[in-house]
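**Student:** What follows is a single structure, and I will ask about it in a moment.
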């Protein structure tokens, strides 16, 4: 009796994951990412003076693969340049990415663009004139390095609309206009408080640090070993320069560079399906802080309760998951003008909470990411999310192919209904056969979805589109970015690692590594930097 009750729960869960979630996500991705989206309505139907001003904030930390190309996409938008204000934010002038920012400003004259240096922000300095790093009772910001990086740009933004886009993200030339369309309701759309894009990772060929900086750091980037150092993707360090010739065995090479393939696989399969499905049914906020647009006035109205922090993004400087919390606040809390309308007996204005800008992709090129870095990245996400969206994080393993298929196989071989109607015996042979079929179908769906998302069918291609956002040219692999055997190896590796990573993130502590610093996350969702000299707390 107990076994049948458990089997019923497993069946309901299996059908819930497969039918509404995977099906909705899969069909929506095929629907919206099979052709380029139309031009923005605000650029084709509005008078020039009515087009909203947008402030673009791009926080930069160290070198990233294809950094120049990602940041150059900011200047190549079809949005009117007199309606754009661009801020590149960097922690110091010694940051390896600083020369890239200077080069971009020289290469794209005529824009309202400024480089803002965190160390030169007077609001972030202590009584000795040094960066306070969020420490001390008089610190005006918490320790979140990304918020500290962007704070001045946000304060000095022009207009109400801000678009925060990570430095390691490339977007198509029409994205700014379509995000404004969705946010403001142009083209007959509903107005929204927060809009964002689906992220997609591409594991690219490794670039030398000399190439990434266009030769600006040439004296510093040559290894004493076999050749030039290459820029590797990292989330734990500020910059990772690595000599790819250091590995002399296949296993070591996979461990040193295989993390990018795992991340590429994850973002174009499991993550893409669930991200799209949740943002279609809109039952809860689901965002990734890669490319987000919202209004400063809306956020300011919801973040004035802490006298120690200025309204806006500064309010979240004590947390490490600022993107989720910003979106969460705009999702859950009504705006004052909405409450006033109801209080006066009128109807609340019909504003949408969040909207995914379907058809546009935020590409993140990666290179030479190690498996260890991939695991650290996933652990960081999970350890932050277990305090912010605890229930969703706890049930996450059940949405993965292996555990979910185990649920389904157990239900079908345990419940009498399937034995009576379909003749499926309650045997181990039936159990493992059904499990294998479920996993096989799951992999097939993910393979077709991977091919669709990496086909670049929804990208507005031109001569300036980088190779990682173009259609694959490998005809011998059927036009796919990876041959099926390579893709399958990465798929199996990702699926097998999913549960151990989850278990370690949930039960293995509360510390995370991010951009060269270590933090611990408390139950109050606040983040605290771990100081190396006599750590205050370790797990």
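Cβ coordinates come from backbone N, Cα and C, glycine included.
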**Student:** When TrEMBL marks a stretch as transmembrane segment, which of 430-450, 451-471, 472-492 is it?
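**Tutor:** Feature transmembrane segment in TrEMBL: residues 430-450.
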**Student:** Would you mind telling me which of 127-146, 147-166, 167-186 TrEMBL tags as region 'Disordered'?
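**Tutor:** Spelled out, TrEMBL records region 'Disordered' over residues 127-146, not the other listed ranges.
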**Student:** Where else in the chain does the transmembrane segment (6-26) make close Cβ contacts, counting only residues six or more beyond its ends and a cut-off under 8 Å?
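**Tutor:** Answer is 272-278, 280-281, 398-399, 404-405, 407-408, 410-412, 414-415, 445, 449.
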